[in-house]
Amino acid sequence: MKAREANFDGLVGPTHNYSGLSFGNVASEKNQANQSNPKQAAKQGLAKMKALADMGLVQGILAPQERPDVHTLRRLGFMGSDANVIEQAAKQAPKVLAACCSASSMWTANAATVSPSADTADGKVHFTPANLTNKFHRSIEHETTGRILQATFADKNHFAHHSALPAVEHFGDEGAANHTRFCHQYDEHGVEFFVYGRHAFDSRYPAPKKYPARHTFEACEAVVRLHQLTSDKVVIAQQNPDVIDQGVFHNDVIAVGNKNVLFCHEQAFLNQQAVYKELTAKVGGNFKIIEVPTSAITIEDAVTSYLFNSQLIEMPNGETLLILPEECRNNERVWAHVQTIINAKQGIDKVQIFDLKQSMANGGGPACLRLRVVLNEQELQAVNQSTLMNDTLFNRLNTWVDSHYRDTVTDADLADPQLVVESRAALDALTQILDLGSVYAFQR
């Protein structure tokens, strides 16, 4: 049965702010305490989603988390009314409050790992929410993420949902930001490519020294087992620890792949040639590797431009489109090399630029904002149709953003108890628009 790749982008939440919470993410740290614009951020994301839908692609939406997360603050000892909890946290633990206000769930590449039915033993699409243990502000996402995924992909005849891996560093799982699937046609049994930063149970292997390796080898193995994948169609590779120490905190900051194309930097992986050899053997056929040398683009340029944090998409006419953030065009070296790649006709046919400045300032480019889900025709029909982008939904969501979102949010605004009221009102309305049911704690 014919299958297509759908992209489910994260909707930016009403509390989008720059609190510098992500150690190892250069942009996040650099822009700490800057004023954010949640309304603009949400609309930039919606514009990208609508553009892809207008290209004839399947584009879905994943709802944001409930923030401020008063429930987590209560678990941490803050008591009284919601307003009292916010007030106490602002005075006693402002960094904890900031973490509980993060809108980082917009980056749905970290929401989960997804395996299509063509790859799994039971013939279902499998979802495992990422535990994101390395960062507190993200580690509190996975329960709600699981409920949102189950409300979006509800049909048990087609979709299998797992719990997140144990929430300890040994099984640190960053989701699809460290996962790519290669194939020749989407409906064929593909090769799933997992990338990790370190071994948790074996210190003999190299690891980064400056910044944390967020994803473990053991987490990759666990997801392979949960999703019932076969070993001859799986490749597990280690990310180069040296580039993690230069700000490449996920593999999708240094590599992107789709179908039979891998686009990556020459320093992306440990033992890179061996990785290429295994991928080439397992994918078979015409597997294309587009490698960018350091002499053309440094790691620093890759990180600041987010060249590889791009979307590699097959268009309805069969051409391959590379979706890039505007920052790539603003970097002369990067933009020149992009033109070289296009002109060489190595497997990427066209480029499209999007303005995602609000997300980029927190360290999230086009690839961060989307979760890829390969679906056959029956599975696509089984998806919650209210979450699929079209003209009507685009207009409804823009009106919703105008009604509920602030133009600016600063660190000081996070202490405003009214932010809880506004955010819950927004999310309550959103669950009705997207037909999600009661996925949030305040609704349960």
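For all residues, glycine too, the Cβ spot is worked out from N, Cα and C.
There are 29 other Cβ atoms within 10 Å of the Cβ belonging to Asp252 (substrate binding site). The substrate binding site annotation in Swiss-Prot covers 19-28, Asn110, 137-138, Arg214, Asp252, Asn362.
In the three-state DSSP assignment, the secondary structure recorded for Glu174 (active site) is coil. Non-local contacts of Glu174 (active site) by the CB criterion (under 8 A, 6+ apart in sequence, same chain) comprise Asn110, Ala130, Leu132, Asn134, Arg214, His215, His250. What Swiss-Prot records for Glu174 (among others) is active site.
Residues or ranges marked as active site by Swiss-Prot on the basis of sequence analysis: His250 (among others). Following the DSSP three-state reduction, the secondary structure of His250 (active site) is coil.
According to Swiss-Prot, the active site, nucleophile annotation covers Cys368, on the basis of sequence analysis. In the three-state DSSP classification, Cys368 (active site, nucleophile) falls within coil.
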Distance, Cys368 (active site, nucleophile) to Arg138 (substrate binding site) (CA atoms, angstrom):
14
Counting other Cβ atoms within 10 Å, pick out the least crowded of the recorded positions Arg138, His250.
Arg138
Give the residue from the recorded positions Asn110, Cys368 that has the most other Cβ atoms within 10 Å of its Cβ, counting over every protein chain displayed.
Asn110
How big is the gap, in Å, between the Cα of Cys368 (active site, nucleophile) and that of Asp252 (substrate binding site), rounded to a whole number?
8
